[in-house]
């Protein structure tokens, strides 16, 4: 049996508490399902700065590059607000993305039936929502040059950011979108602003050409990004996989997440290029929520996003689709049973802490795996 190597980077704040619940699930996957996961641990963020003077050490970066996948908790907190910019905790995540060459960011927006009432939208609009936003992560306006503020010499200044995409960047993210759609409902909606942006014109052309060349079996539609934002709120269930660039993906993924009414419960994945020999992609999985330093150490953090990140890892890095399905079903089942951490609790439900929520999900997962 091939080994499955995981690097766990709990990080700061509630990261270690949430990761502790993931370790329980991994232990079960090994002891009862004999899946052979090998885990290593490392430091990232503020705790890495405290130990090494940098947001992630070279040694832990090497571990990340050698692993089949990385599970990442959260970084940052007031303790490190005054550290130098170049070693700030968030830099650890940025270095992981850069050195692992993770260019595809997957942000699911899933509405658990038991939490449909938490959305600001009508239940009939949101119930059963399951869409995936695929954001290009390493190009576009966040990385384009020049990027500067210049003094015009007349009392005025000019801020410059550059939106730039090359054909290969568009083609490779399009490939990921079409591949993902085949495992879902076989539809991709590509969003850009081709009406006012040349990069949008090229994006549209590149996605269209790639579709015709390699993915004609998948349904493709194009939509202007502003119209896409409107449609996300009007009728989100029309979408399956939304493909878009770095800037629009940043905006649209947060809009889609809040449709579910549970931003802090959603996972994400960042994938790199497929290895030419093994076909495997470098990958990092993390909850969407932050480090929540205000509740760290209190035992009340919600571990669902971290556990759901493990489910994404099982699905996309290891092809363990049945196990991923069961773990996601376990999360939904526990919510159906009325078990809630404080952040999602309401009258009539049972309030539990981090450990109790993790134990409940594991028990449900074990029952589904029997």
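Count begins at 1; order follows the chain as displayed.
Glycine too: its Cβ is placed from the backbone N, Cα and C atoms.
According to Swiss-Prot, the protein carries these features:
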- 77-90, 290-302: NAD(+) binding site (BINDING)
- 97, 107, 135, 226: substrate binding site (BINDING)
- 226, 250, 254: Mg(2+) binding site (BINDING)
- 142: site 'Important for catalysis' (SITE)
- 193: site 'Important for catalysis' (SITE)
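Locations of recorded Swiss-Prot features on the structure.
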residue	record	contacts (Cβ under 8 Å, 6+ apart)
77	NAD(+) binding site	12, 13, 46, 89, 291, 293, 296
81	NAD(+) binding site	none
97	substrate binding site	137, 138, 270, 284
107	substrate binding site	132, 133, 134, 135, 249, 253, 256, 257, 266, 268, 288
193	site 'Important for catalysis'	200, 224, 225, 226, 248
250	Mg(2+) binding site	135
292	NAD(+) binding site	13, 14, 74, 301
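According to DSSP, residue 135 (substrate binding site) is assigned to a strand segment.
Taking all protein chains in view, 18 other C-beta atoms sit within 10 angstroms of the C-beta of residue 300 (NAD(+) binding site). With 97, 107, 135, 226 listed as the residues that bind substrate, the site has a largest C-alpha separation of 28 Å. Around residue 135 (substrate binding site), a 10 Å sphere centred on its CB holds 25 further CB atoms from the protein chains shown. Comparing the recorded positions 85, 142 by how many other C-beta atoms lie within 10 angstroms of each C-beta, the top residue is 142. Taking the Cβ of residue 296 (NAD(+) binding site) as centre and 10 Å as the limit, one finds 18 other Cβ atoms among all the protein chains shown. Taking each Cβ in turn and tallying the other Cβ atoms within 10 Å, the top scorer among the binding-site residues 89, 226, 254 is 89. According to DSSP, residue 193 (site 'Important for catalysis') is assigned to coil rather than to any helix or strand. Distance from the CA of residue 142 (site 'Important for catalysis') to the CA of residue 85 (NAD(+) binding site) is 17 Å. Shown in sequence order, 225, 229, 247, 248, 249, 251, 252, 253, 255 are the same-chain residues outside 226, 250, 254 whose Cβ sits within 8 Å of the Cβ centre of the Mg(2+) site.
Note: the CA-CA distance between residue 142 (site 'Important for catalysis') and residue 300 (NAD(+) binding site) rounds to 35 Å.
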